[in-house]
Structure formats: C-alpha cells, structure tokens
Amino acid sequence: HTLSLQVEYRGFTLFLTFLFYTSYHLSRKPISIVKSELHKNCSTLIRPPNLNGTDNETWCDWAPFGESSDNYQTLFGAVDNSFLVAYAIGMFFSGIFGERVPLRYYLTTGMLLSGLFTCLFGLGFYWNIHSIWYYAFVQAMNGLVQTTGWPAVVACVGNWFGKGKRGFIMGVWNSHTSVGNILGSLIAGIFVSSAWGMSFIVPGIIIASTGILCFFFLVESESLVRTMLMAVYEQEDNEKEPLLQNSSSSEEIFSSPGLSNSISSESTEEHTEAISFCGALRIPGVMEFSLCLLFAKLVSYTFLYWLPLYISNVAHFDPKEAGDMSTLFDVGGIVGGVVAGLVSDQTGGRASTCCVMLIVAAPMLFLYNHIGQHSLATTIGMLLVCGALVNGPYALITTAVSADLGTHESLSGNSRALSTVTAIIDGTGSIGAALGPLLAGVISPTGWNNVFFMLITADILACLENLIYISNRTLCYETRN
C-alpha cells in the first residue's frame, strides 16, 4: 500500500509540474505571435470605410511598432530584452530563494504575478497605450517573476526521481516547454488579427489559475509524504497492536528497495544547509554546461521570438498562419528532448549526446535558411528536424544534467543544491536567451542570412563547450587511474 501511494504521489507531482511550466511558457509565447500584427504594411490591406481621413500608410499601425517606424526591429528587440535580461539577472537569485522558501508558496506567488503582468501587457490594447516604456516595463517585471518557475519545478522533480531513468523521464517531462509554446501560439493566434490584447490576457488567466492549483495540491518532496505516513503509522500504533510488530517498523517500510530510487532518503537531508552560490560553481561540470547552455539557449530563444516574423517575411504567410507554422519547431523539440534523454540514459553520456546533436544542428540550420521555404513539405520537414536538434541539447542540459550536477557525488549527500545549480545553469543560459533576440533585432535589417550565420556560430560554440567538459572529465579519470 505504501509503495502504491508513493508511485501515485510521484506521478501526480510529475503531472502538476508539467502543467505548471507549460503555463509559464504558454504566457511567454504571445509576444512572438503578435509582432507581425503590431507591424504591418497597411498599403496591402483593405482600409475600413470609417478611416478615410487617416494616413494610408499608418492606419493599421500600433505605434510605436508600426510600418511608419524605421526602427521597429530595435523596438521589438528592446521589449524582448526587457523580459530576457530581467529573467537572466533574476535567475541567479531565484535559485537561492528556492532553496530557502517552501517551493509550493514560491511557485504559487510566481505564477500569480506572472499572470498579472501578462494581462497588463494585453490591457495596453484596450487602454490604447502606445508608450514603449510601458511595454518594456511590464515585460521586465514579467521576466523577473517568471524566474520562480524553472529552479522550483526541477527541484520538485529531482526530489522525486532518481538518476536511473532521469534522462528519459525528464526528457518526456521537459516537453512542457514545447507544449507551452505550441498552446501559447495557438491561443494567441485565435485573437491576434481581431483583438491582440486577448492574446496576452487569456494566457495570463491560465497561468494565474495554475498558481492556485499549485497552492492547494503540490507536494514538493518525497520526505513530506514519508513524514505524513509515518505520523499515520504512529497514530495507528497508539490505537491498536501493530500487526507486524516483530518484523517491521515504519522506518523499515520507508527503506524498502522499491523506494530507493529517490535522490536521497537519509533522515539527515532536511538538516543539511543549502549550498552557497560559490560552492555550486565549484561542482565539476557546472561552469562548462552553463556556458554550453548560454549558446544553445541563444539559438532556441531566437527561434522562439523571431521565427513567426521570419516565416511571415520570407514565406509571406499572414500572422496567424506564420504563428501556426512556427509550432512545428516546438513539435520537433518535443521529439528531440525525449530522444536526447533516452539516448543519454542508455549510453550514460549526457555531454556526448548533446555534442552529437549540436554538430548535426549546424548544417541543418544552414539548409533551413536556404531551402526551407521552397515548398510547404520542405518547410514542415526542416522545422521539425531543426526543432529536434536545437531543443534536444537545451532540454537535456536544463533537466537531467542540472539534476545530476545538483546531486553530484562531491556534495557528500547534501541534496539542497538542486535549485541553486539549476538556477546557475539556466541563469547563464538566459544571458544567451537575452542576447539572441537582441542580436537578431540588430542583424535582421542586414538580411536573414546574417541572422542564421550568427545562430550557426552560437551552435558551434555550444558544441565546443561540451567538448571541453568531455576532455576535462577524461583527463580527471586518467589522473585517478
């Protein structure tokens, strides 16, 4: 009965954390869909009769991003980076708080505030706000509060699952990123051409609602269930004679082999001190994978924020069609994350798995830019392949690799490092996530070819960081022997 209850809690926690981070990404996606609506060529559209007195070139504009703006790419880049820079800075502090604050409260607060700021961006449509400072400020605040999500959900999952099948389990679980992007694109696409404000308000309501679910239902670690069940057994022992008095005790029940694949079941785990920031940096592999994720996330987030606009400009789709087409990149990302996790479990090589996928990704990005828009079939195929190769390593590093390093043997059983290690790796990666869209905004006026050269360069640098880690690990192994 105890083992069955354990499995049920584990599955429920996996489902809840999947739902939570799906909502985080769902609320980030609308800005990439709405860009092509905020900036349109009004001369190609049919002007409503009641707008005869307005300028033919600006009647469909949403200032300051419209067709009349010469620097609209820079303005979009500023809005994107308001979110991403705040996210990158906040992430380094978020992990520290995550180790010291109950994860249930931390996630709940983060999701409620994320819902608020996402809705505020959409309300700019209904309040007729045309100030770049308003949208930049709202995005910056949203980026700051969204840092509560990733360290907390990875810590929750890491607390429930051991290393044996962690790559596969987290590969499947990490599909929440792509599922959130897909749902965010589809939801935003429903409203983008009629009332783009609802493209933000609906996702904002969704993430706030999941925050309420988190408050009432999340069980953040196995030790809480263990403590609860031990209290129940003790109460039953006080009320009647134990049935197996001579053969088992409550401690023995919880030390059964079926439960041994959790990260740590020592009774001392609740008494260990949370690791310091510098202590986490000294864990072997943290620096290398952090820098690798910086370049990998640069590529992934450039696609996240600019792919719909690229498809709209190059393939001449309308905003909704471009948004729908961009979801194929995330569908490929789901497959890539699962495959990366499964292969790394079977081979035991997280770094080598990432390295191979990054090596293949570089020529695929080049081919997508040159032949990806020749036909609908080619577009679909290339988006799926590129999504798998770009998001596979990114997913593996932010989940299984982060969890492995957060429970590294050098920590001597201290399990309170997961959130801090995850925050360091993802925070460093978020610097790349901020740089990618910013560079795309600066480079895109010179041509999309240059944007793709930038992405290929970043992909190669990510691969080199993986090779550095592999060579360092090999050298350490040879030194020990």
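Heads up, the Cβ atoms here are built off N, Cα and C, so glycines get one too.
For 7-26, 72-93, 105-127, 133-161, 173-192, 198-219, 289-307, 327-344, 351-371, 377-397, 417-439, 451-470, the entry in TrEMBL reads transmembrane segment. According to TrEMBL, the domain 'Major facilitator superfamily (MFS) profile' annotation covers 16-474. The region 'Disordered' feature in TrEMBL is assigned to 240-264. The compositional bias 'Low complexity' annotation in TrEMBL covers 247-264.
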Hey, which of 7-26, 72-93, 173-192 has the most Cβ-Cβ pairs under 8 Å against the transmembrane segment (417-439)?
72-93
Give the one range among 327-344, 351-371, 377-397 whose Cβ atoms make the most pairs under 8 Å with those of the transmembrane segment (173-192).
327-344
Selected stretch (most C-beta pairs under 8 A with the transmembrane segment (377-397)) from 105-127, 133-161, 351-371, 451-470:
351-371
Can you work out whether the transmembrane segment (451-470) touches the transmembrane segment (133-161), with the criterion being 3+ CB pairs under 8 Å where the paired residues are 6 or more apart along the chain?
no
Suppose I define contact as three or more CB-CB distances under 8 A, residues 6 or more apart in sequence; do the transmembrane segment (351-371) and the transmembrane segment (198-219) meet it?
no
Contact set, same chain, for the transmembrane segment (7-26): CB under 8 Å, 6 or more residues outside the stretch:
107, 111, 114, 146, 149-150, 153, 156-157, 160-161, 169, 173, 175-177, 179-181, 183-184, 187, 203, 206-207, 210, 213-214, 217-220, 222, 225
Mean pLDDT for the domain 'Major facilitator superfamily (MFS) profile' (16-474), as a whole number?
80
By a Cβ-Cβ criterion of under 8 Å, what residues six or more beyond either terminus of the transmembrane segment (289-307) are in contact with it?
28-29, 31-32, 80, 84, 181, 326, 329, 351, 354, 358, 361, 365, 386-387, 390-391, 393-394, 397-398, 401-402, 405, 424-437, 439-441, 444, 451, 455, 458-459, 461-462, 465-466, 469
